[in-house]
Every structure is written in C-alpha cells, then in structure tokens.
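First comes the structure, then the notes that go with it.
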Amino acid sequence: MAMVTTEAAAAATTAATAAAEKPQDVEKPDYAPYNGASTTADGGTGARARRGDGGGGVVDSVVARWRREDMLDKSPLALHAAAAIFAFVALVLVASNQHGDWMQFDRYQEYRYLLAIASLALLYSLAQAARHAHRMRGGVDPVSSASARLLDFVGDQVVAYLLMSALSAAVPITNRMRSAVVNNFTDATAAAISMAFFSFVALALSAVVSGYKLSKQTYM
C-alpha cells in the first residue's frame, strides 16, 4: 500500500513538472485595419486591380481623343475634295447640255446661275483642299491659325448656301420640263442638280466640322 502511494505521488510530480515546462499559447491580438484599409492579401490584390483598371481607362480616353482629333484634322481635306469632285461633275453636265432649239442650257437663267455657282464651288473647294493638303504634309498654312478656322466656317457656309439657292432655282423648272417630256436634256439637268446637291452636303458637313473646331478654339 505504501508502494502504490509513492508511485502515485511520483506520477503527479512528473505531470506537474511537464505542465510547468510546456510554453503557454500566446494569444495574438486582433489588429484593426488602419484607416479602414484591408490588410489581407486579397485586399492588396483588389487595390492593385482597381489601380490597373483606372490606368487603362485613362489610356483609352487619351487614345480616343487622339483619334478624334486626327479625324477632325483630316476631314476638311476629304470633304473639300469630295465637294470639288461633285461640283466639277455638275459643271460638266450643265455646260455640255446643248442639244439645239429649246434644249440649250444657256437659254434659261436658272441653269446659267447653277453653272456659275458650280464653278464657284469648284474653285473654292479646290483651293481649300490644296491648302489643307499642303498643311498636312508639313507645310506652312498661308492663313494664320487664328483666322483659318473662321475662314473655313464662313467660306463653307457661304458657298453651301449659294449652292442651295442655285438648286432651289433649277429644281422647279426641271420638274416642269420633265412633266412634259423626258429626254437627254432633262436627264442631264437632273443629274447636274443631284451632283450639285452632293457638293452642298459635303460643304455643309465641312461647315459643321469647322464650326466645332471654332467653338473649341482658345484665345489665351
């Protein structure tokens, strides 16, 4: 009985020693996020992703702006070249529309007026197209930048309005002729009116572009 008691006391002593030597688990304090920012790896990755998305959006907006400015810079040349081509075709159709007797364009003041305005539109559009082509090739614009946009805006509008007035004069008489007879003379005048209208559309679009540039022009 004494031996059993001694062994039990020895076992209890050994268990107490082992418990004393075992290091206690240190409870780590919970740290609150600083200024509400996430301290996890996922939070850092999300922040980097958000920064990357923002940078890509800025680059896309800059590229889109460059493309828009490049299109606005090249459009006057294309529009004036198109206006010159349509005006030239209208001019040729009217000038060559001579078939004798009453089928002579010069017997009608409406067609003479259309011929004169088509000639003016051709000369103006050619001059503007040549100026813009020279500028885009790196040459010096003969018109100062401060006055160039105003010149484009006013010139395009004036010539476009003149073309519209010529069309308004030529359309009624052509309709009356075609209601009575349809021949080469009336077909040629109708085709000339169509070409003059396309020239008007090109100059009207050019006036819109030049007006937009003029509204964005800075004077400081």
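Numbering starts at 1 and runs along the chain as displayed.
Cβ coordinates are placed from backbone N, Cα and C, and glycine is handled just like the others.
If you look up Swiss-Prot, you'll see 1-74 (among others) marked as topological domain 'Cytoplasmic', on the strength of sequence analysis. In the predicted structure, the topological domain 'Cytoplasmic' (1-74) carries a mean pLDDT of 54.
Swiss-Prot lists 13-56 with the feature region 'Disordered'.
Marked as transmembrane segment by Swiss-Prot on the basis of sequence analysis: 75-95 (among others).
Positions annotated as topological domain 'Extracellular' by Swiss-Prot, on the basis of sequence analysis: 96-109 (among others).
Look at Swiss-Prot and you will find 110-127 (among others) tagged as transmembrane segment, backed by sequence analysis.
Residues or ranges marked as topological domain 'Cytoplasmic' by Swiss-Prot on the basis of sequence analysis: 128-152 (among others).
For 153-173 (among others), the entry in Swiss-Prot reads transmembrane segment, with the evidence type sequence analysis.
Positions annotated as topological domain 'Extracellular' by Swiss-Prot: 174-188 (among others). Distant neighbours of the topological domain 'Extracellular' (174-188): 93-94, 96-97, 99, 103; these residues of the same chain sit at least 6 beyond its ends, with a Cβ under 8 Å from one of its Cβ atoms.
According to Swiss-Prot, the N-linked glycosylation site annotation covers Asn184. Cβ-based neighbour count (10 Å, all protein chains) for Asn184 (N-linked glycosylation site) stands at 10. According to DSSP, Asn184 (N-linked glycosylation site) is assigned to a helical segment.
The transmembrane segment annotation in Swiss-Prot covers 189-209 (among others).
Per Swiss-Prot, topological domain 'Cytoplasmic' is recorded for 210-220 (among others), and the stated evidence type is sequence analysis.
Sequence-distant contacts of the transmembrane segment (153-173) (same chain, at least 6 residues past either end, Cβ-Cβ under 8 Å): 87, 108, 110-111, 113-114, 116-118, 120-121, 124-125, 128, 189, 192-193, 196-197, 199-200, 203-204, 206-207, 210-211, 214. Residue counts for the topological domain 'Extracellular' (96-109) under DSSP (helix as H, G, I; strand as E, B; rest coil) come to 4 helix, 2 strand, 8 coil.
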